[in-house]
Structures are given as structure tokens and as C-alpha cells.
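Here is what TrEMBL says about this protein:
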- 40-49: compositional bias 'Acidic residues' (COMPBIAS)
- 52-68: compositional bias 'Basic and acidic residues' (COMPBIAS)
- 110-205: domain 'LRAT' (DOMAIN)
- 39-68: region 'Disordered' (REGION)
Amino acid sequence: MGNQMDRLSHLSYAEVPTVDPNGLDTDDGPRIGVSYIFSSDDDELEDGCAADGREKEPNEEEKPYDPREEVECAVYNREECVYEKSAKCANLEVYSPENLLNKCKAGDLVEFVASGQYPHWAVYVGDFQVVHLHRAEVKNSFLTDASQGRRCRIVNDLYRLKALGPDMVVQNAMEQVGLKDRELSWRNSESFAAWCRFGKREFKMGGEIRIGKQPYRLKIFLSDKHSHLLEFQSLEDVIMEKRRNDHLGRTAVMQELSSHFRSVEESKADPGTE
């Protein structure tokens with residue numbers, strides 16, 4: 001049966017019914033987002049690849065990190081906000097890996113960011129080292145090596161969940177070192193690092209049953225007054241969509257939404273269009 005199933009992926013908002021980004025919802029509420037049950041994101045680029053996945057040209061430099069490309073958003077489980085990334089509620093300043101080492105404490109969550117790339121998450125375990133899910137294997141690396149030249153920041157407060165004690169966070173991370181491929185229970189580095197810190201099964205693959213009403217909402221902040229909502233059946237689906245947006249960047253996400261809603265308006269104007 002598995003061979004008959006196509007791998008699901010989310011290529012653009014044109015594939016998904018959504019609400020009006022201007023905040024004018026004309027129907028019953030947010031639309032259902034894509035399920036990533038058969039998907040995983042690869043937040044690591046192969047050696048010799050540019051940020052967009054193509055083969056890097058000789059002497060080509062990576063795009064510098066641009067804070068204006070941050071996609072600010074929040075995640076709700078029913079009515080409770082369980083995650084928020086916005087300049088209003090979190091310190092989104094980034095540092096060089098060398099400078100961040102002066103701020104890290106054991107058990108901290110670290111996010112490595114670069115324009116046009118998936119964010120990469122890790123758990124700081126002390127002695128200048130992190131544990132992270134990298135290319136389908138849980139590894140123990142020096143923070144400076146794990147950064148791969150990217151800027152980084154501590155992101156303990158993005159998830160509004162009760163954290164485990166630092167010793168338990170480090171223990172959770174270290175006990176997974178060496179796991180790879182089919183032994184893994186997480187789709188990406190963020191889910192792994194968050195599970196280590198918060199210990200919730202919702203961060204694992206299959207940690208929630210995808211039936212019934214969608215309890216999660218992803219709210220993308222388009223401006224101070226306008227936002228865009230999607231509903232999901234599991235936290236791991238929300239994380240996958242959120243990371244896809246981070247990979248694209250704010251400009252591309254806004255263009256994608258604008259293109260989708262233009263096509264929706266055109267369809268409404270022409271009832272004969274299927």
C-alpha cells in the first residue's frame with residue numbers, strides 16, 4: 001500500500017484553500033492546511049550547493065542574513081498560544097557563533113539562520129558543544145562547526161511551553177546521539193531540539209492522531225493589522241509549514257499569498273472557471 005501513496009509536499013499556497021490575508025473572512029473560518037504525514041524537510045544543504053539547492057557557482061557567496069526576511073508568526077493549540085516569533089515578543093537579534101558562546105548555558109536551544117535556508121536548531125550541552133539532528137543523524141558537534149558560517153541566537157522562549165530542567169534537557173539530547181535514518185523519531189532539527197527541551201510527544205513523528213477537527217492554527221503576521229490563518233491536525237505539520245515559510249522568506253511568502261488570492265478573485269469573477 002505504501003508504494004501506491006504519493007509523497008505529499010506543499011509547493012505553494014495555490015494548492016491550499018486559505019483565508020483572505022486582509023483579515024476579511026467571508027466563510028466559516030480558517031481553511032485546512034496541508035498534512036505533511038509523508039514528508040520531511042531537509043534543513044541541510046549538500047556540500048557545494050547554494051541556498052536554493054542548485055549547484056553553487058565558483059566563488060559564489062551565500063546570501064547574508066536579512067532580518068527583514070523573517071516571517072513573523074504564532075502557533076495556537078485551540079485558544080492557547082504555544083509559539084510566537086515576532087519582534088514585539090522575542091529578541092530576534094542574531095550573533096556570530098563565537099559571540100553566542102558567551103551567552104549560552106547548558107540546555108539552551110540554539111537556532112542557526114541564513115537567508116534562503118531552513119533554520120537549523122540545536123541543543124547546547126556545554127563545553128562549546130551542541131547536539132543536533134543533521135542529515136538524518138543525531139550528532140554531537142562544536143557549536144562553531146554546527147553553525148556552518150551562519151548567524152545564530154538563543155530561542156528558549158519562542159515555544160511557550162514549560163521547559164524541563166537543564167540537566168534533563170542535556171540528558172535527553174545526549175542519549176539520542178548516534179541515532180540515524182529509521183531510528184529517528186523527528187522530521188527535522190527543530191522538532192528534535194524542542195522535544196529535548198520540552199519532552200512532549202507532539203514533537204515526534206506520529207505523536208498525534210490526525211483525525212477530527214484541526215486543533216492547531218498557524219497565524220502569519222502580514223502587518224500590524226492583518227494576518228493569515230491556516231489550520232492543522234498536528235504540531236509537526238505546523239512546524240513543517242512554518243519552516244517552509246522561513247526557508248522561502250517573507251518576500252516570497254507575501255508574493256505567494258498575493259498570487260493565490262488574485263486567482264481566487266478571478267475564479268469568483270468567472271463562475272464558469274473550475
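Backbone N, Cα and C define each Cβ position, glycine as well.
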Within the predicted model, mean pLDDT of the domain 'LRAT' (110-205): 97
Three-state composition of the domain 'LRAT' (110-205), taking helix and strand from DSSP: 30 helix, 28 strand, 38 coil
